Amino acid sequence: MQKKKILKNMIVLFLFFVSLISFSGCNKETSNESNQNEQHIVVAKAENKKEEIKVDAVSDQQPSDNNKENKEQDKNKTNTLATKESNKNATKESVKTSEVKNSTQKQTVALTPLEQELLKDIKEKNLTSKTAYMVIVDTQKQYTYIMKKSNGSWGLYKSLICSTGAPETPTPKGIYTIQDRAPWFFSKRYQQGGMYWVRFKGDYLFHSLPMDENKNIVDYTLGKPASHGCVRLKVEDAKWFYNSITFGTKLYIK
């Protein structure tokens with residue numbers, strides 16, 4: 001009886017120790033699992049931090065790349081503006097050069113023999129005019145030359161075919177000044193008249209082709225001496241002369 005009781009107690013103690021051992025093992029496993037979980041959490045946090053750092057690094061790099069792009073765009077804009085300015089300046093220089101060349105060409109244009117002759121007459125006769133025009137009549141060539149002054153120099157402006165006095169009634173040669181005028185005259189002596197007359201000496205005039213009393217042209221001769229001493233011109237040329245060659249204009253008949 002006593003032995004049974006002792007055996008029972010021993011079994012109880014054994015079971016108690018077994019349960020203690022099992023409980024201790026469980027705690028260790030739980031502790032290990034807890035430690036492992038904590039390690040996993042720490043690793044996860046570290047990885048998250050790394051990811052955050054990487055993300056931050058990437059986000060930090062993006063503005064840098066944008067800055068590079070912006071700088072590159074600014075550089076391209078600057079280069080474009082510089083190119084435009086350079087082209088603009090080159091165009092201006094080209095225009096200036098062209099103007100200089102044109103100016104030089106104008107200055108170096110050769111005068112015709114006729115222009116040289118007329119300018120020689122002006123120089124040798126020391127001719128001056130109170131107006132912008134000067135008239136030179138060449139009785140050999142049967143032309144009336146209109147000289148015009150521009151920028152201080154005389155130049156040939158118009159060449160008008162004419163008819164001066166016939167050999168028996170020559171046009172007086174010399175230097176004269178243009179005087180009065182009227183749109184029409186008729187000479188009973190010669191039974192001829194003319195339109196747009198301009199006086200240069202006494203009864204000597206510039207006027208249109210000769211006409212009868214009804215203003216019909218009676219003689220179309222031009223280019224050779226044929227008048228009574230006046231200088232005949234085409235009707236349209238006589239009209240221009242009448243309207244443009246004003247009082248005081250110098251006249252040279254040679």
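Cβ atoms are placed via backbone N, Cα and C, with glycine included.
The Cβ of His207 (active site, proton donor/acceptor) lies under 8 Å from the Cβ of Phe185, Gly194, Met195, Tyr196, Trp197, Val198, Cys230, Val231, Arg232, Leu233, Ala238, each of which sits 6+ residues away along the same chain. The active site, proton donor/acceptor annotation in TrEMBL covers His207.
According to DSSP, Cys230 (active site, nucleophile) sits in a coil region rather than a helix or strand. Under the heading active site, nucleophile, TrEMBL lists Cys230.
The compositional bias 'Basic and acidic residues' annotation in TrEMBL covers 66-77 (among others).
Annotation source TrEMBL lists compositional bias 'Basic and acidic residues' at 85-99 (among others).
If you look up TrEMBL, you'll see 133-254 marked as domain 'L,D-TPase catalytic'. Mean model confidence of the domain 'L,D-TPase catalytic' (133-254) amounts to 98 (pLDDT, 0 to 100 scale).
TrEMBL lists 53-105 with the feature region 'Disordered'.
As annotated by TrEMBL, signal peptide applies to 1-24.
Residues of the domain 'L,D-TPase catalytic' (133-254) grouped by DSSP class, helix first, strand second and coil last, total 10 helix, 62 strand, 50 coil.
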